[in-house]
Amino acid sequence: MNRFSKTQIYLHWITLLFVAITYAAMELRGWFPKGSSTYLLMRETHYNAGIFVWVLMFSRLIIKHRYSDPSIVPPPPAWQMKAASLMHIMLYITFLALPLLGIALMAYSGKSWSFLGFNVSPFVTPNSEIKALIKNIHETWANIGYFLIAAHAGAALFHHYIQKDNTLLRMMPRRK
């Protein structure tokens, strides 16, 4: 086996799409007046896409344990394999934790929010101090997420163009 399964490949790229939408919606939100319809659309898009990221990452975690990883040919040094393993752990933790922190942030704000058009009421007692702490963690960790994404993509490109192994090709969809 020299590639990940079709399911793993699909989930990888759809996760990237939803991560990009989540980040873009939050960044673009600031371009619009607070409370405007576009601002609110960007905010709701951020919430909804973030929850989809959690669902996708959780699904990927389950599926990852059903399949073995395809071999990298030629094999990289052991330290690179350890670094890759650590990077994947950090990516999974990040994109499983960020949506949960976002949900907690909304809950502690005391405001209702919408998920796919369904109203979600706060389920904890509002607390501005806890909200501020969670917001700080959420935003800091999201900024770290930018670095993790760049490092992950950079490593894949390094393996493809410099080391000339099949690291990147293992996760690419097949050409028809």
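Glycine too: its Cβ is placed from the backbone N, Cα and C atoms.
Database features (Swiss-Prot):
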| type | residues | note |
| --- | --- | --- |
| TOPO_DOM | 1-7 | topological domain 'Cytoplasmic' |
| TRANSMEM | 8-28 | transmembrane segment |
| BINDING | His12, His152 | heme b 1 binding site |
| TOPO_DOM | 29-45 | topological domain 'Periplasmic' |
| BINDING | His46, His138 | heme b 2 binding site |
| TRANSMEM | 46-63 | transmembrane segment |
| TOPO_DOM | 64-85 | topological domain 'Cytoplasmic' |
| TRANSMEM | 86-106 | transmembrane segment |
| TOPO_DOM | 107-141 | topological domain 'Periplasmic' |
| TRANSMEM | 142-162 | transmembrane segment |
| TOPO_DOM | 163-176 | topological domain 'Cytoplasmic' |
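Here the features listed in Swiss-Prot are placed on the structure.
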| residue | record | DSSP (3 states) |
| --- | --- | --- |
| His12 | heme b 1 binding site | helix |
| His46 | heme b 2 binding site | helix |
| His138 | heme b 2 binding site | helix |
| His152 | heme b 1 binding site | helix |
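Using a 10 Å Cβ-Cβ cutoff, His152 (heme b 1 binding site) registers 16 neighbours. Residues 63, 67-71, 73, 166, 169-172, 174 of the same chain, all 6+ positions outside the topological domain 'Cytoplasmic' (1-7), place their C-beta atoms under 8 angstroms from a C-beta of that stretch. With the fewest other C-beta atoms within 10 Å around its C-beta, His12 stands out among the binding-site residues His12, His138. On the 0 to 100 pLDDT scale, the topological domain 'Cytoplasmic' (163-176) averages 90 in this prediction. If you measure from the Cα atom of His12 (heme b 1 binding site) to that of His138 (heme b 2 binding site), you get 23 Å.
Around His46 (heme b 2 binding site), the C-beta neighbours below 8 angstroms that are at least 6 residues distant in the chain are Thr22, Ala25, Met26, Arg29, Gly102. Sequence-distant contacts of the topological domain 'Cytoplasmic' (64-85) (same chain, six or more residues past either end, CB-CB distance under 8 Å): 1-5, 8, 155, 159, 163, 165-167, 170. Sequence-remote contacts of a segment are chain residues at least 6 beyond its ends whose Cβ falls under 8 Å from one of its Cβ atoms, and for the topological domain 'Cytoplasmic' (163-176) they are 2-4, 8-10, 12-13, 70, 72-76, 155-157. When the Cα atoms are compared, His152 (heme b 1 binding site) and His138 (heme b 2 binding site) turn out to be 20 Å apart.
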